[in-house]
């Protein structure tokens with residue numbers, strides 16, 4: 001009896017029919033394709049894109065040169081140099097992020113005690129040569145200034161989960 005069952009399964013191509021059933025189900029299902037440049041999918045407030053350095057409302061940069069982000073970066077993509085000010089506080093003289101090395105894990109953002117470094121929703125950036133994707137302090141501050149309103153909204157939406 002078992003031999004007959006096995007023969008019928010192989011003769012009727014039972015596995016092939018099961019596969020065709022799955023194919024047919026997805027063939028007539030609604031499509032989920034997004035035509036990227038014209039259409040964009042919604043992004044989460046927690047999206048980790050291009051980095052930015054933030055400023056306080058009075059215009060002073062937030063980074064206190066504690067170097068926690070540099071220490072926690074698993075890809076060693078962050079380079080920080082700092083100096084002591086006359087009033088005894090430390091400030092960065094150099095803050096570079098190599099986006100080629102960066103794995104966008106968000107550890108730098110979590111480690112920062114003053115929310116100076118954040119990851120924005122900016123997904124589209126490019127460079128023509130390798131050095132174009134090393135963002136300096138000035139470039140990161142410019143990104144932060146440009147997207148501060150969106151960053152503040154995302155931080156407020158994420159606040160209950162922090």
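Each residue, glycine too, has its Cβ placed from N, Cα and C.
Cross-referencing 66, 73 with the [4Fe-4S] cluster 2 binding residues that Swiss-Prot gives (102, 105, 108) picks out 73.
Taking the Cβ of residue 102 ([4Fe-4S] cluster 2 binding site) as centre and 10 Å as the limit, one finds 21 other Cβ atoms among all the protein chains shown.
You'll find the Cα of residue 108 ([4Fe-4S] cluster 2 binding site) roughly 4 Å from the Cα of residue 69 ([4Fe-4S] cluster 1 binding site).
Taking the binding-site residues 69, 73, 105, 112 in turn, the residue surrounded by the fewest other Cβ atoms inside 10 Å of its Cβ turns out to be 105.
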